[in-house]
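Here is the structure we will look at.
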Amino acid sequence: MHHRALVAELCRRCAEEDDLELPPSCRHPSSSAIEETKKLGFSRLLQVQERPHRNVKPTNNDSDNHYYRQMASLLLRSTSFFFSPLPQSNPINLKTPSQFSSFLHSHSHSHTQYKLSIKLNHHHALLPPLLQSTLSHDHQYPLLLDALSASLRFSPHLASAVHAALLKLQEHPTPHLFTALLLAYLKLNLLPAAHRLFLSLPSPPNVVVYSALISAFSKSNNHHHRHHALLFFLHMVHSDVLPNDYAFVAVLTACIQTQNLQFGQQLHAAIVKTGYLDSAFVANALMGLYGKCGGRYSLVLKLFDDMLQRDIASWNTVISVAVKEFMYDDALSLFREMQATDDLRVDDFTLSTLLAACSRSASVVEGFQVHTHAIKVGWGNNLSVGNALIGFYTKWGTIDDVVDLFEEMNERDVITWTEMVAAYMEFGFVDLAMEVFDEMPERNVVSYNALLSGFCKNGEGLKALDLFSKMVEEGMELTDFSLTSAVNACSLLGDYWVSRQVHGFALKFAFGSNACVEAALLDMYTRSGRMGDARKMFCRWELEEFISVVCTSMICGYARNGQLDEAISLIQQSQSEGKMIMDEVAATSMLGICGTIGCHDMGKQIHCHAVKFGYESNIGVGNAVVSMYFKCGNVDDAIGMFNGMPSTDIVSWNTLISGHLLQRQGDKALEVWSDMQKKGIKPDQVTFVLVISAYRLTSLNLVDDCHRLFNLLRNEYQVEPTCEHYSSFISVLGQWGLLEEAEETIKTMPFEPSASVWRALLDSCRLHKNTIIGNRAAKHILAMEPKDPSTYILISNLYSASARWHLSEMVRKDMKEKGFHKHPAQSWIICQNKIHSFYARDRSHPQEKDIYSGLEILILECLKAGYEPDTSFVLHEVEEYQKKDFLFCHSAKLAATYGILMSKPGKPIRIVKNILLCGDCHTFLKYIDSAANILKRLKTFGT
């Protein structure tokens, strides 16, 4: 049907349905009727639209005009009426003009069978004559523009058809039509088509078109499109089109997306020059630029302070930047200032950001206050706030708190369900996490990644790899995080061949060029002990942006695998060549390495670097500094650092407790625990493992107190005891000689005891020379871990301590036959940035003659001062005088002697061991101070 005849037919049908009177010629369509209807439908519309108020209810005198105005307007706004016949199989039953109006509005934007869409395959030829006839009357442009703006933006096919029709017109159309079409392309996210149309525009576009172009291209996921947004802005400026506030905000968004801080700074100058800095809209975008590109928190604060007018977005921006830069106290202070100075109600973004700040900064009380405030102002049931609350209570609440929040939420999305999976994984409930995952109504790659990382966090490397295999088989989208989790799972399993397969998969599917995946693969090889493969990857590394990360991984790998000289050498080389950027992450890792190898001087230098560049306020860096000082024996600086930290979390308190335990200061560790309770710090599972262990190192027997605490774990602290808790508790009982009670406790455990629990009992039996219970414990350990050399060593030492030498020799012979090897005890000391290692009776050092001569002097002087050798620590069947010879040549004594000879008077000597210091060496080192002065006077080689 011709489009004009269709207009007449539609008008006639609608009039009949609504009992409206039409001219006689319109009741039976003919050529004249079509022309008359066309005239009525368009000309009368123009007359009515000239009125100042289009929505005025028509009077009886202009009801006819109102009818035609409404009819023609709706027809034009659904352009598809001109090109698509109405469905014949489903008749439309409309009784009133209002019903017809509602029908057009609802179906012009939907995908139902009544959708008013263009059938391009059959009717695309009708567009050119329609546009040509419209162009012949200039007064009809507003009608066509209305139709384009209302219809083109919902149909890419219609937009393309109109574009093609415009190009076929004999007379050149007005630029307004091209502008409407360009905006439609942008609305439909057809950016390449919009770009091509922009290049062919008959006249220069205005600032509105430029702003729309820049905004659409800046929000694209395509990296090239984001750069085009910057080029559009430059084109606008070169075309002498002055940008407005919308244009500046759009191009600032493009700078954020492309991380182009330099261009953004130039825009800042232009904004100041043109006076748009007074606009809160523009100032907010500028703060977002400096907050997301380079972390210029101080500049964000200055912009915020200079703002004449602020809106809720201004406060949200500065608070979110503070959280991003780890300035959690500042974020909470800004929120209080916001509540005190501005009459603004918070929104869901404000509350979600504040909850993130409280979660990361251990501001538990403040988090509860934010939760209360959210309920008070009516945001308690908001979806994003609820998701943030789940994250907060996952870290600082109990699993019951999280479950209650989840069940009370009226609305849930995929983020909510994913948060629940992560929460169960965080609390160690792997099975419940899997159940929630299976019940999820919708899953995305983030959900799968949460389950993957949860498996890795809970040591379930095999389950993580099974899930990853399932994702690959089902064609799931894989991200670099997915593959990184799979690589971490390989690290947990320690299986070299599985690691190689995952590496091959990464190369096959082009993940090999991904820096994150490559760095994870290198770290995987270091954790699997394959330092040769790790070194090959490191030497081939070409990506400059991640060179600092892989340097850190290699250094940690060397330290982890006992190659301490290589670790120190790489640290010095990386710093001298500028390969390592000492940011918060690198500083934390390096401090951990310095603590592991006892490199106090280098650790102190890194601490100074952190203070200089403001990293000290970072909780992770602060915790690493405290741990480093404790491991290097500098207890005073460790405590001073903890007391000076601007904010602490549960890891900080755990580090403080473990540091005292490392120094065998059980009473001080319990003092820290008491302080935690007074301040309301919520302990975690690790805290209780440490606190229970502290009762093993107290000066008094406090087993009853330890027993009481252990029984309160489940009921008062909502902590389910694990094998680690039982191992610590068994060690305490065994330390104080309660071996029978320790064995009975293991038998009554609610789950199968692990080898670590039995190993704690076996070590206690060695201490008290109880071979009966020790044998029973050894049988359980060997049944579970028959290939663990440490178990055989414990059994052998138990027999040796009980003077049952033949049994001890049989165990060691059995070890040799099975190919098991003991890692020998090693002590080392760092002098002049070089590690000097010693083993028992070691004579491989270049200065071994001077060391042994000095050691003889130290032993004589210590014996004079009251030192009595404890030969019970010599686990060999030899004569008593030979036992003393063995005892005097322990690695710690050799390292201490070398340190005294090589250090200046008054300088501390730090000795590090790969195992616990034996009791006799511990006693010997107490007497060494007085003897050291004599040795200093007698030393014959360089300082």
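Using N, Cα and C of the backbone, Cβ positions are placed for all residues, glycine too.
Because TrEMBL annotations are produced automatically, they should be read as predictions rather than curated entries.
Some features that TrEMBL has for this protein:
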{"type": "DOMAIN", "residues": "866-932", "note": "domain 'DYW'"}
{"type": "REPEAT", "residues": "311-341", "note": "repeat 'PPR'"}
{"type": "REPEAT", "residues": "413-443", "note": "repeat 'PPR'"}
{"type": "REPEAT", "residues": "444-478", "note": "repeat 'PPR'"}
{"type": "REPEAT", "residues": "547-581", "note": "repeat 'PPR'"}
{"type": "REPEAT", "residues": "649-683", "note": "repeat 'PPR'"}
Mean of pLDDT values spanning the repeat 'PPR' (649-683): 92
Beyond the flanks of the repeat 'PPR' (311-341) by 6 or more, those residues with Cβ under 8 Å of it: 280, 283-284, 287-288, 290-292, 295, 297, 300-301, 304, 347, 349-350, 353-354, 356-358, 360-361, 363, 366, 617-619, 646-647
Helix, strand and coil residues within the repeat 'PPR' (547-581) as assigned by DSSP: 28 helix, 0 strand, 7 coil
Secondary structure content, the repeat 'PPR' (444-478) (per DSSP, counts of residues): 26 helix, 0 strand, 9 coil
